[in-house]
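Annotated features, as they stand in TrEMBL:
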{"type": "TRANSMEM", "residues": "23-44", "note": "transmembrane segment"}
{"type": "TRANSMEM", "residues": "50-67", "note": "transmembrane segment"}
{"type": "TRANSMEM", "residues": "101-122", "note": "transmembrane segment"}
{"type": "TRANSMEM", "residues": "230-247", "note": "transmembrane segment"}
{"type": "TRANSMEM", "residues": "259-285", "note": "transmembrane segment"}
{"type": "TRANSMEM", "residues": "305-321", "note": "transmembrane segment"}
{"type": "TRANSMEM", "residues": "398-420", "note": "transmembrane segment"}
{"type": "TRANSMEM", "residues": "440-459", "note": "transmembrane segment"}
{"type": "TRANSMEM", "residues": "466-485", "note": "transmembrane segment"}
Amino acid sequence: MCLGAAFWVAAALYPDRGVPHRLIATLLVAPALLLVPMQALGLAGALRPVWLGALAPVGFAIAAALASRHLGHERAWALARSDLGAPFRLLREAVREREPAVLTTGVALGVLLFAGLLVWLYRSWMWDPVWYHVPITAYAIQMGSLDWIDTSVPWTQSHPKNIELLAAWNCIFPLDNRLDDSSQLPFAVLGAAVTAAWAREVGARPAFAAGVGAAWMLLPPMFLQMWSTHVDLACGAFLSAAVFFLRERPTPRDRWMSLLALGLYAGTKMTGAFHLLLLGPWVAVRGGLELWHARGERWRRAGDLVLSVLALMAVGSFKYFQNLWKTGNPLWAFKVKLPLLGTELPGLFDPAVFYGSRPGESPLFFGSPGALMQLLRSWYVEQPVYWPDVRTGGFGPLFSWLLVPCLVWLVVGLLRPGNWKTHLPILVLGLASLMVQSAWWPRFVMGVATAGLVALGALQGRLRHLGPRLGLSLVFLALTAVTFWRGASVQVLERDYFLFPRHFGVLLRSSPEQRATWQVMDWLWPTEWSERKEREFQAGDVMVYDQSVVFLGEFFTRDYRTRVEYVPSNQSVASYLARIDALKPRWVGVEGGSAAEYALRAERGARYLFHAPRSGIVLYRMPR
């Protein structure tokens, strides 16, 4: 229902544009249609399957009805039938143009399907997701609300939640965590669609544009992360979509889509707020131009503009207001200096220390010492380490040896003012992407890869003869193959290092219960203890942890039937024991070697179970 309603809206907005435009709009409207009812119910403390199942379809129906009223049923169905035939038209175009670049689309589709299979087989195991992303999803389902989370993991408290809430949508109805890493998969398609559409707009032929769009998904930082809740892939897609819709003459429909993309981005990660401020003047000027040209209907256009800003806020502002209300700082847990006011907003971490800039200096805009040279070393010198959160090695040889030169070609092309309209938005996306902290981590700057691929599309559009086009396509295919192979093959060839591929065959044959407890990586709980947790805990049983926890996601059962509670043990022992007595937990996680641990054993008869890997927390079973 959600996808159908979102497509109806996209068709009403872009009946005159191609399939990529409608696909992009669909993938922006759909998450908004899910997030609005989830946040509304979460604020009311009623985020339960029954209420969500009743409210969300109402929103879908309203959106579809409004779109149908504008477009008409027959026109919408005609567009749907036409769009479903787009892959066959693309294939015919590729054969007619003798365009080999289209081969990447088949590989990208296979990668996307395989990523879905990995989500289905593997429990959530990646470092950041098990640390704080997956707990956000689990707490939303456990609490039935978006209240402030009482926990010692500050990122679970402070981070925007859009991707985690979309994961909660996938898990809350079956009450099963099997899909808790699934919510980024649609945004891999979004990033590819934006890249393909933009490449087509700057002159690339359709089959080549589709090929460079698919290549976006084949870059290691993208395909290694798409089956997790790391959120960076979605951020790169949202930023790319936002700038894509800011390119042309201002129109209401493009404004709605760009603001919706920026809102989804801000509601996903705090760098979204930074890019919203960075692009804000551009957005404001476009809004002013809209009003200026809307003679005779300026009040109506102003109302529409206000509604689009409210849409941005509806999907992007909640966590910032909650952080401000709870801590006095919308960007908590980072400290924020306000030089104009001569004050500093409270927080736990100084971003200068956290990201390696000088004390008191922002790490943004290459603020860290040697940041630009470190970026170039990452792209051209350093050996990549292909964990899902790829931090070194850039985007691979395709980016370093073909896309970067294409971006340089765009910069040189600015000497001709006639190129500004085409080239500047691409370069703005690339530069804006690089202005964040630790830009040498490719996971943080995926938008620059979009810009590079679009620049490649612009170059292909300038080639009038088949020979040069074919040569460029073959170079593109070869570098894409090498780039993809480097990231994919190492996962299998170095199984003793990456570990998780060793379990694929076992998990393929496992039951859902076995899959949910299998120790995929050495920082997860041993399989034996995960199995005992699933067997011993009954609905409503309490699991307690303290400030020594690291991988908080391990404390939840796969069907969310238990309560996970935070009880700090670095207070007085008497207070700690009183809280334990009140909660009556079945298992307790406590800091190893602490006075609280000793008191649990000596005064409450707690029985030692195991020491959680890569953590200072020790698990005990409490007597019943």
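Glycine is no exception: its Cβ is also placed from the backbone N, Cα and C atoms.
Beyond the ends of the transmembrane segment (101-122), by six or more residues, the same chain brings 90-91, 94, 178-179, 181-182, 185, 188-189, 192, 207-208, 210-215, 217-218, 223, 226-227, 473, 476-477, 480, 484, 500, 503-504, 507-508, 510, 515, 520 to within a C-beta distance below 8 angstroms of the stretch. Of the candidate ranges 305-321, 398-420, 440-459, 466-485, 305-321 has the most C-beta pairs within less than 8 angstroms of the transmembrane segment (23-44). Highlighted: of the candidate stretches 50-67, 259-285, 305-321, 398-420, 440-459, 398-420 has the greatest count of Cβ pairs under 8 Å to the transmembrane segment (466-485). Most Cβ pairs within less than 8 Å of the transmembrane segment (230-247), among stretches 50-67, 259-285, 305-321, 398-420, 440-459, belong to 259-285.
For the transmembrane segment (398-420), the list of distant contacts is 215, 219, 379-380, 426-427, 430, 449, 451-453, 455-456, 458-459, 475-476, 479-480, 482-483: same-chain residues at least six beyond its ends, Cβ to Cβ under 8 Å.
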